[in-house]
Structures are given as structure tokens and as C-alpha cells.
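One structure below.
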Amino acid sequence: MRLPYRNKKVTLWVLFGIIVITMFLFKFTELRPTCLFKVDAANELSSQMVRVEKYLTDDNQRVYSYNREMPLIFIGGVPRSGTTLMRAMLDAHPDVRCGQETRVIPRILQLRSHWLKSEKESLRLQEAGITKEVMNSAIAQFCLEIIAKHGEPAPRLCNKDPLTLKMGSYVIELFPNAKFLFMVRDGRATVHSIISRKVTITGFDLSSYRQCMQKWNHAIEVMHEQCRDIGKDRCMMVYYEQLVLHPEEWMRKILKFLDVPWNDAVLHHEEFINKPNGVPLSKVERSSDQVIKPVNLEAMSKWVGQIPGDVVRDMADIAPMLSVLGYDPYANPPDYGKPDAWVQDNTSKLKANRMLWESKAKQVLQMSSSEDDNTNTIINNSNNKDNNNNQYTINKIIPEQHSRQRQHVQQQHLQQQQQQHLQQQQHQRQQQQQQREEESESEREAEPDREQQLLHQKPKDVITIKQLPLAGSNNNNINNNINNNNNNNNIMEDPMADT
């Protein structure tokens, strides 16, 4: 049966309405699922409080996300083992940002370790509902915020807190895709650097080479075990000596291990010191004056001849980890290998221009200090000048820069002389003040005797003054005697007035 035209029209409108309503309901439920479906309030609240994905934006408005699953880079090892050089070379890469050492993360990890070792603290946490998962999540978020926020955003984030590796297995538990670079250096060179530069490390007695070697042996043993437990796919041992002797070969291995593309900038980190998105330095890091230089051999064998004879004799027993790591405990110095030609050339040029590099180190540290004092304007101006000029090289030294360097050194020398003069004056004042105090103290001790003398003298003076009128003397003689008596009293009181 055929429907009339009017009925067909109504039917089409009804079908159209059904389609529109269906599409509206579908879209509405997609945007507002909680309106049609019951959602657990606790889960909803937790999802709002804990954001899995976080974002950072750089100066070019590029957005970077960071979370616990990201491939973080951790540089570990005993302090003074080349960790600062390693992070400076990585910082020169445009895709990597390490930044300065904070020491925050290892302290947080040590605090957590203390809680777990203490039965009292562990019980208190359990009773408070702080489970292992809650603790791990909180520590991971805290560490992630420190790593992500203490420098500029970058595709790959890195942290250089050497002692973090002592808890490397737990760090991998927090960040399963993270990787470690384990910096290894001859323990004799490390200990000599710690002692000569007076680097304070908990447990190290800087007055004893023997004790410091024992502490180094224990620390490196713990880190070596941690790296072995983490596995070769997550922890790579990097020998400082080989990195210095063959920088390009080892940096290619390191970047391949980290899944970071090759960039020649990592071989010239000194050109990016304190530049925007470059290699920031800190005035409190002990290696800042060294990493401003290109890769060189200066620090390779400074320890030779500096260690006491009895410690050298017992070295194999004091530090057995030397042999485990492949170092000869009886060789002074060991044969580390032959350096690349350009590294040897860098070393020769540094020796020829030692005063210039020392002056440059002072300038860089002063710039870092001014950053801490919020004088960023001065730093930006100096960076602009560096960018406008040709890049500094060792082979070519711009005369203007050389004269400025010389003037700066002269000014510093004059300031040091003035400071020494002021210190000498202050020392003299202190000696004079001390001498006055000693004199005043002796005067105080002698005061009772003097008071008794005055008491005995005063009656005689009174008798003399009374007897003068009886003898018919004039008033002038009386006044003179009175004035003489007053002068005697003043002489007795002057020393006490100085006090």
C-alpha cells in the first residue's frame, strides 16, 4: 500500500529527529560520562589529584612532557671521578640538559633508606597508611620535579648527583626507563683530588690518605655492585682516563647507549660555558675551574709522588677494588694509554697559556657568583658581547680580550693587596686593644693600693692648707697649693679614664 505524500513527509521528519537525538546523546555521553554512568568518587578524586603527565614549555614555546616512564639519565660515581666533565659534555648537546649538582636527590633517597631500616619508623608509616606504593610514588614525583624544574626544558633530562648510584636499584624501580653512567677513576687520583681540594664527604678524613683510600674502596664497591645488579643495558661503566684519552670514541659509545643522536658539540663543551641552553656552572662545584678548559691530560697523574710511602706499599691491601677495576696498584703511574693527537695538542696549548686560563677561570666563577646574586643583566650583556665577537680559540687570542684579561688580573691583584693591608690594620688595632685591656686590668688590680695611699695623703694636704693661713701666707700661695693637689689627683685618675 502506498502512503500518501503527507505521510511520507511526516515519516522522514520523524526519522531525521531520531538520528539527531541519537547523535546528540552519543556526543553528550562521550563528553560527560559521569552524567549517565556511575563513577567511584574516590577514583575520580585521585585521578584529579595525581596527574600522570606533566608539561614544560621552553623559550620557543615548545612543549615537553615529563613522567616516571621517561628515559632519564643519571650520572653516578665517587666524587672527583669525572662526573662534572661528563655532565658538561652532555650539557653541550642540544637535546640534553643535566645542570648543576643539587645533592637533593641522594639525601631524599638516604632518608627513605633510614625509614626502612628503622623498625620504629617503618611501623609508624604502616600504621599511618603509608604503603610502599605511596612512598615510591611520592619520592618519584619529588625527584622528577627537582630534575625537571632546576633547569631549562629539553628532550632528554639528566641528573648529576654522584652518590645517587649507591641506591641505583631503587632509582630504577622509581624510573624503569632510566639509565646510569657510572664514572670510574683510579682511586689514588680520586683520593688525592679529594684531599688536595678539600672536598668534604661524609666519613672521609682529609688528614689521612690511608683512611680515605679505604672509604673510596667501600664506596666504589657498593656502586660497582649496584651497576652490576642494574644490568649492562641500564648501567654503563665509563672510565675517566679513557674518556680523556679518547673523547670522541667514548662519547659515541655513550650517546649510542643513551639513544641520543651524535652531535660534535659534545667534544667542545668549553665553547658553551654559561651560554644560553649551554653548560651552566656553579661557583660551589669544585670542578668548575677545570671544566671551562677543553679536554686535556693535566689531571691524569697529579697524584703521583703525593701519596705517603707506607700507603703506597700497602695499596693492594688497602684498596683491592683497584685491581677489580683493572688498575695496577703497584704502578706509579700506571700506563693509561696513548692520547688522541688533538687531546695532546689541547694540553700543550693550556700549558703555554696557563695564566690566561687561570684568569678566565676566575672570570667564569665570578659570573656564576653574580648569577646567584640575581645580576642576570650583566651576564646577558657579556654573553651578547661573546656572540657578537668571533668564537674564542686557543690558537687565536684577540688582543682586546687579552688586554681586558690583563687589566682584570691587575685589578684583582690590587684588591688583594688592599684587603691584606686592611687585615694588617685590623690585626694591629686588635693588638692595641688587647694591650689597653691588659693595662686597664693591671690598673684595676692596683687601684685598692692607690686608694689607700690617697687616704693617707689627704689628711696631710688638709693640715698643710690649714696651717698656711696661720703662718700669715698670702692667698696666692694657698691657691697654688690647692691647684698642685688637684693636679696630683688628676694624674692618678687618668689611667682609669682610658679604660
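Backbone N, Cα and C atoms are what each Cβ position is placed from, and that goes for glycine too.
Noted from Swiss-Prot: C98 is disulfide-bonded to C158, selected from C143, C158. Checking C212, C235 against Swiss-Prot, the residue bonded to C227 by a disulphide is C235. In the three-state DSSP scheme, C158 (disulfide bond) falls into the strand class. If you measure from the Cα atom of K293 (3'-phosphoadenylyl sulfate binding site) to that of C98 (disulfide bond), you get 18 Å. The DSSP secondary structure for R80 (3'-phosphoadenylyl sulfate binding site) is coil. For T83 (3'-phosphoadenylyl sulfate binding site) paired with C235 (disulfide bond), the C-alpha to C-alpha distance reads 15 Å.
Cα separation, C235 (disulfide bond) to R80 (3'-phosphoadenylyl sulfate binding site), rounded: 19 Å.
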